[in-house]
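What follows is a set of notes on a single structure, which appears directly below.
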Amino acid sequence: MTLQSVLLGAMIILGPILSMTSSNWIIIWIGLEISLLGFVSYYMLMKKIMSGEGIMMYFLIQSVSSTVMLLNGLYIFVNHASSYIYLFIFITMLMLKIGMFPLHFWIIPVYSKLSYLNIGIVGLLLKIVPMWILMHMGCITSEMLNLITMLSVTSMLFGALIGMNLSKMRMVLGASTITHNGWLGMSCISGSLFKYFITYGFSLVILLVFLYLGDKMSISLSLLSLSGLPPFMLFIGKINVLLMMMETNLWFIVLVFAILSAVISLVYYLKFSVMFFMNMKNNYLKHYKMAMFLLVNVTFGMLLFLT
C-alpha cells in the first residue's frame, strides 16, 4: 500500500466527516466532492481495468448531479428561496446521486463493472452525505415528503422485481441496492436513518468480505441477512422504519409495498443462498459458522433495537 493510496483513501473517509460537521452549504458540497474525487483517483491509481468503465460512468453521473445541486442549493440554503421548482430539482438530483427510482438506471450497469470493494464504497461511504442532506432538509414541504415516500416504496418494489431476472452476483447486488435505497429514503424522512444504515451497512460489508474470500457457507448466510429475513438484524432495522412510518398518512401504502418487496426480494436471495449452500462441502465447520453468524446477528440487532 503506497502513500498515495492511503491519502486518497483518507479523502474518501474525510469527505463525509467534513460535510456532516458543517452547516454551510458550500462546505457540505465540497466534502461531497472530496470523497468522490478521492474514490475515482484511488481506482485510477490502482489501474483497475475491469472497473474503469463503471467508475467513469459513476463519475459522470455524480458530477452532473453535484453541479445542479450546487446551483439549486445556493438558492435554497443561501438565498433562502422557497420556490418549489428549486426544491424539486434539488431532491431529484439527490435521488439521482443515491440511485433511487426512477433515477436508478445507472446502478446495475455500474455495479456490474465494479469489484466488491468498489461496490462497498459506492453503496455505503459515498451514500452517507446525500442521505444525511435528505434527512436534515428542514425546508421540505408535506407534498415533497409524500412524493419522497411514494418514490421510496416504488424503489423498494421495482428493485425487487429487477432482481428476479438477474443471474450474476454483482447485478443482484445492484438490484438489492435499488431496493434498499427505498428503505433508506423512508428512514431519512422518518428519522430512523442511523439504525437502518448501521444494520444495512453491517450486513452488506459482511457479505462483500465473504464474497471476496469465497467462503460459501458464510456467503449463504450473509445473503439471508441482507434479505432482512428474521431473526437477522436487518429485519430489526426494517421493523424500526415501518414503526416510524406508521405515524404518516401513507402508512397503509408503505406497509403493502414493504411486504411485497420483502417477499419478492426473498425469492432471489434464497435462490443464490441455496446455490452457495449446495455447492459447499459437508463438514462440521458449517454448523459452527451458522451458529456463530446467527448469534452475532441476533445479538447486534436486538441491542440496536433497544437503544
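Positions of Cβ are set from backbone N, Cα and C atoms, glycine also.
Annotated features in Swiss-Prot:
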{"type": "TRANSMEM", "residues": "1-21", "note": "transmembrane segment"}
{"type": "TRANSMEM", "residues": "25-45", "note": "transmembrane segment"}
{"type": "TRANSMEM", "residues": "58-78", "note": "transmembrane segment"}
{"type": "TRANSMEM", "residues": "88-108", "note": "transmembrane segment"}
{"type": "TRANSMEM", "residues": "119-139", "note": "transmembrane segment"}
{"type": "TRANSMEM", "residues": "144-164", "note": "transmembrane segment"}
{"type": "TRANSMEM", "residues": "193-213", "note": "transmembrane segment"}
{"type": "TRANSMEM", "residues": "217-237", "note": "transmembrane segment"}
{"type": "TRANSMEM", "residues": "250-270", "note": "transmembrane segment"}
{"type": "TRANSMEM", "residues": "287-307", "note": "transmembrane segment"}
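The transmembrane segment (88-108) makes no contact with the transmembrane segment (25-45), as judged by fewer than three Cβ pairs under 8 Å among residues 6 or more apart in sequence. Between the transmembrane segment (144-164) and the transmembrane segment (250-270) there are 3 or more Cβ pairs closer than 8 Å, counting only residues 6 or more apart in sequence, so the two stretches are in contact. Outside the transmembrane segment (193-213) by six or more residues, the chain places 116-117, 119-120, 123-124, 128, 131-132, 135, 169, 180, 183-184, 187, 219, 222-223, 225-226, 232-234, 236-238, 240-241, 300-301, 304-305, 307 with a CB less than 8 A from a CB of the stretch. Packing against the transmembrane segment (250-270) from elsewhere in the chain are residues 146, 149-150, 153-154, 156-157, 159-161, 163-164, 166, 172, 175-176, 179, 182, 186, 223-224, 226-229, 238, 242: each is 6 or more residues past its ends and has a CB under 8 Å from a CB in it.
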